[in-house]
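Undergrad: Structure provided below as structure tokens; questions to follow.
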Amino acid sequence: MSAVEEIYQYTMNSSARLKREDVELSLEEKAEICSELELQQKSTDIAANIIGDISSLPIVGKIVGTMAAAMMAIAHVGSGALDIQQTLLGCSDLPFDEIKEIMEQKFNEIDRKLDSHSKALEEITKLAEKTLSSVEKTRKQMNKRFDEVLESIKNTNIAPIVSKISNFGRYFDXEAERIRGLNLNDYVAKLEEEKGILYYLRESRTPKGDGLHAPLLIIINEGYAIPASINDELAFKALDALLYGTQTYVSVMFFLLEQYSFLANYYYGKGELDIYNKYFDSITNIFLDFKSSLVGSGGSDSAALLESVLQVLVAVKSKEFLKFLEMDVVVMLNEKISLFSKIKEDVDGKERITSSLTPENYVHISFEKDIPTPFGDWKEDKEVRYAVQYESETLFSKVSHWSNPITVRGKACPTLRMPVDQNRKSILVFRKFENRKPQLVGSVSPYQSNFIDIDRDLYNAAGNPDLDVGHXEVVKLVANGANIKAPFEQGRTALHAAAESGNAKVMFGLVLXSLGDLNKPDKNGFTAIHAAADKGNAGIVNLLIDYSASVNVKTYRTLQTPLHLAARRGFKRTFDRLLESPDININEKDKDGFTPLHSAVLGGKEIVKAFINQPGTDINAKSEKGLTPFHLAIINDDWPVAETLLTSESLQVNANDENNNTPLHYAVMLGHLEIMKKLINLSQVNVNAVSIPNLWSALHYAIFFKRDDVTLELLKILKVDKDLQSLGGITPLHLAVSLGRKTVVSEMVRIGINLEQKTTEDFTPLHLAAMSKYPEIVTFLIDQGSNMEAKTANGATPLLLATLKGREQASMILLGNEVNFRAVDKDGQMPIHGAAMNGMLEIAREIINLEPSIVAAQNNNLDTPLNLAAQHLHPEMVKFLVGRKADINTKNKDGNAPLLAFSKMGNLDMIKFLISNGADVYIADNDGLNFFYYAVRHGHLNIIKYAMSERKFTWSTPDNNRRRECPNEECAISHFAVCDAIQYGKINVVKYFVGTLQHFSICRPLITAAMYGQLDIVKYLVEEEELNVNVAKPGTPLCHAAENGYLDVVKYLVENGXEINRDCVRGETAIDMAISKNHINVVRYLVKKGADLRRRNALGSTPFFTAVSSNSLDIARYFINEKIGDIDINEQNEKGESALHLAVYYRNLQMVKLLVENGINVGIRNAIGKTALEIARDARFSRIVEYLNTKSRRFRKGFQILRNAQGYPHMNMISNFIGSKNIEHDHQRFLNSDVEESKTFLNSPSFQNIDVIGTLLLVDVLIRYFTKQGYINEENDSASDEGVQAAALEITENFENFLNVFDDTPKEQVDLTEVHRKVYAALKSGRKSQIHQVLCSSLKSVSKLEPAEIETLVSELLNLQSSFPLTKFPPSTAEAFENSLHILGESCLNSEWSPSLMLM
């Protein structure tokens, strides 16, 4: 596998990591390992999904994280993916507490967002999330493999650069994840730390310190990320780092915007506008700074990061050697190009994300209202100031400076005068009394200059719970013009304020004045009745209902009704008032499918009882996830509520959710022991109900969630089925053993559960224990008499499984009990094999001490313990086995041997050890590769030098193991070694072979390097070793580079003297080689550099003909569209075949279409007289026949003549079938005659696409072919009647052949007898022009041009002054005439002849 495939198809040896008994894996590591076993346990992804599913879940706060974690675990086990293998390896051993912590952090984040009621913040958050959703997933996946990348590039020049990128990314990920889970106060404090995370991340875009920008620029500017060959591992790893770093850079930008937006919104909500302004400036500057770095500024993006990265990606994608890699690599490159292009477009398309405008604060304050102080917030001698801000729903805008303070003297509610805004924007007005929190007091329209600060006081008065004071103030303010509909924070009006405060006196007055607006929602969809219900103001609710307020109106986000809110709060009186409405829907569902009764579970037993007593209540209503109110009561550990629900005879205690989980399942998984006991005691509860699809009972869940107290209680219950088998035959005992629940296992044994229970794959509890990380369970089961020789369906014993899974302690315990270590499974595996492959030296020593000969045991793949130890890279085990006389030259079915394994890994010490102990240096695998070749291919120069200097083998020995690679001669090891070094791009090895050892002639190094696209090696050989770039053995380096599509190598060779038109093989040149493999970029370059497009190779083909015969559609199109002057589209080979013939032979319909649509002569016949259409018919190529039939009746493309007119008269289509070389010259006078008269007509739009010159020449051709001699004057009329008849008949037959091309043309439309008569008459009378008219008029059924236009055209074209005698035409002339007729037909095809042209 190449380096790029290793990076982009990243795989890890999960079993090796799972074997580490003493290492506790993190949640992320375990999730990753288990996903490799198809568990699909993606913790954070599942967490996000669950939060989306239960965002309105009516459960108490302390339960929410636990409940979400439980649901996440259910999703995990309910996926049906948990099999016995995962259970044994600890994948099922979910870190529940860690999941709970994750979920609680996620809910903290959600709570913060719900408290942030800012559209501007939402817009920035949406922008960030939209971009980050496409960036973050792959970026974090890339981050996981950086350890291996760093290890593989250790001691290289890019290592420090990649390390910086990796370190920055990990710091960013860790800190960002950590702060997201903080509660509000801690979150704000963390963000505002001096020189904390926000400061550090802002600095990361500067080219200093440990930032991110500098290392990315180094990779780009130094070209580290552009691979020179398929094996350029460093370049591919640098590319990986560049992509990861760039995605991190984008993530940092949007993370900063999110956090500063949050801070701005946070302080705006608190009314601390000065701090808000500070963070507003931060948002603006961050966006503009990062935008400049990412996409450039000032009209140039040449130095911008995203453009530079895109250029790198395009350069990598253009590498021809990518075609040898898996398609995933190309797909990845395309995805990254698309991703960064979209980000660039999105960022560049936004001028800014904050408003650039700040209104001037020209407020002039005067007190004109007769409202004496003290009144509301207006207190005598207090100072008041004002500030203004442009109103914007979607952009943050800056708040102006505060006005000079005005002292309150006797009056309240001043008038503010300000100039009309020049930007024609609405303006928000804020006021602040001394050091108190500022308040929004209103909005000024674009053309308003006076503003009375009175509406906020009305809103505040409405919110005053003191009935009399609030009412008195409202009355006074309304009398002075206050607007009761004025909106304030979140779009709430005085109606909302009164509903919340419960001031019935104020509310009554407002209701009377707002009858049409009682259902008006705020920005979150809360109406006045929502506000009243949420606060338990039953009187207000009643008042609103009396005045027809809607009782079923829903909020925007959660779609909750007033009844949901009242029920959640437990407001019984409010509930009663709502239920008095005849319109109430007691079972109305919110966004997640929860009814008010679900919400009532939080409100307590009294409100639940009220629901139960209400007719029509659906007591078993299910949410979208299938949860009933009874489920929620159990989840909340609230038995009084559950008991209240049980009073209803309709209650279904075994109701199941979408995973078939009953309330009992939830009680068990959440560890609610007392609730569980009460449920078990209910006669109607099904204690053995199972979930789907894994068929788990409550007992399974109790064990899985490690609720030992619950499990032990369940084991006491007689009706609990202790042996219930779930999917895969897994019983509770199997789960308890695999999860290491020793107390549970002991109790199960005590009550007599069968220890030999088997899964569907015949695993016993002891098998599972042997594979698990709990050796104490192994000991316990053995002590209880478990069968130590039991076999699985595959024939594995507990000991074999323990060794295969690397469980050394379990293996030693079993060996100590004298189990059969010779037992073999169906794969031929024995415990010694497992011990060897896992490096368990003590186990291997114990087994071999018992039976020394077992060291030679082979499994079904012919692997011995020694070979397995070598393949899994356990040097000490290898040395031990060699010391025990293991066959050092052992090979498995693939030919893998110990020496080869360590050569691949570059372990020189083990190479020396094995060779010194008799390893055969010539031993090769099934591909013929020995240890030396592997050292070469992997670039292990130390092993190569050791082998060469110590003369461990003969360099010149013929190697028959690779004879198929060298079929025509005996090739030595030296040949293959040098070839391999070049092919795999190991330049240090090449320098050693060619430079140090002077092996210039072995493997034609320069040709081989060019053949495999190894540019660095090509440069080295040309520049340092001065090899000839035109060496040919056979073919030059340029030929081979062109054939294989290595454009960079082709360019280098051409620039350094390679002859472009030099022969390769069979008379082909480099361009032929490139065309044959469809390398269009190489073809374009070679043409640009002078490749001869008219040269024919040994097969008689020009490059254009080669493109067609090679089915290289893109190249053929390139020649036709861009190089028409250098090719002949109608060229024929020695067999008379045209390009169209070849396209038909290869059944290439697309090529046929390209040629026909670009004017190829479809009537050309090959050496046996066949046209392309006839060949297609003979071969029954129906689609091509159908196409050619259709196209043959259409007018030849008009742009053909435009090409002919561009300086290439020799390419005129008429010249393809006429003998006269001077025909164009002979008629120049005709073409130039009467220019002014014809110019207007011929240049009219109707004739812009007509081949006029071709038609003019056609008439001449007809005449010349009729006479063979040229023009004869009218007086010479020596033709006999027989000759005229014969000529007329031949013309008519040719015309009939022309008509036969149109298979669907009704023959009755053309009377050939009449055509013959008219042609004969025209010939006999010498009226030559009428022949053309006769033939064209016969095609009138398909004509399109206006009659007048056709008549004018014909009169101009046929104005010739001669007649001609008729003779018998030879075949060649007849064929040419037929072609002429074909073109003539096309020139008439779109013509509608007027009656005046219907002759005789």
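Glycine residues also receive a Cβ, built from the backbone N, Cα and C atoms like all the rest.
According to Swiss-Prot, the protein has these features:
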- 17-20: region 'Furin-like endopeptidase recognition region' (REGION)
- 728-757: repeat 'ANK 8' (REPEAT)
- 794-823: repeat 'ANK 10' (REPEAT)
- 927-957: repeat 'ANK 14' (REPEAT)
- 1002-1031: repeat 'ANK 16' (REPEAT)
- 1033-1062: repeat 'ANK 17' (REPEAT)
- 1168-1197: repeat 'ANK 21' (REPEAT)
- 1194-1197: region 'Furin-like endopeptidase recognition region' (REGION)
Undergrad: Given a Cβ distance threshold of under 8 angstroms, which distant residues of the chain, six or more beyond its ends, lie next to the repeat 'ANK 14' (927-957)?
TA: 895, 899-900, 902-906, 908, 911-912, 915, 919, 921, 964-965, 972-974, 976-977, 980-981, 984, 986, 988-989, 992, 997
Undergrad: Near the repeat 'ANK 16' (1002-1031), which same-chain residues lie under 8 Å Cβ to Cβ, leaving out any that are not at least 6 residues past its ends?
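TA: Result: 228-230, 319-321, 974-976, 978-979, 982-983, 985, 987, 990-991, 993-995, 1037-1038, 1040-1041, 1043-1046, 1048-1049, 1052-1053, 1056-1059, 1062.
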Undergrad: Restricting to the same chain and to residues at least six past its boundaries, which positions have a Cβ under 8 Å from a Cβ of the repeat 'ANK 8' (728-757)?
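TA: The answer is 83-84, 87-88, 90, 92-93, 697, 699-700, 703-704, 706, 708, 711-712, 715, 722, 763-766, 768-769, 771-774, 776-777, 780-781, 784-787, 790.
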Undergrad: With DSSP, how much of the repeat 'ANK 16' (1002-1031) is helix, how much strand and how much coil, in residues?
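TA: With helix first, then strand, then coil, the repeat 'ANK 16' (1002-1031) has 17 helix, 0 strand, 13 coil.
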Undergrad: With helix taken as DSSP H, G or I, strand as E or B and everything else coil, how many residues of the repeat 'ANK 17' (1033-1062) land in each class?
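TA: Result for the repeat 'ANK 17' (1033-1062), in helix, strand, coil order: 16 helix, 0 strand, 14 coil.
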Undergrad: Can you tell me how the residues of the repeat 'ANK 10' (794-823) break down into helix, strand and coil by DSSP?
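TA: Within the repeat 'ANK 10' (794-823) the tally stands at 16 helix, 0 strand, 14 coil.
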Undergrad: Tally the residues of the repeat 'ANK 8' (728-757) by DSSP class, grouping H, G and I as helix, E and B as strand, and everything else as coil.
TA: 18 helix, 0 strand, 12 coil
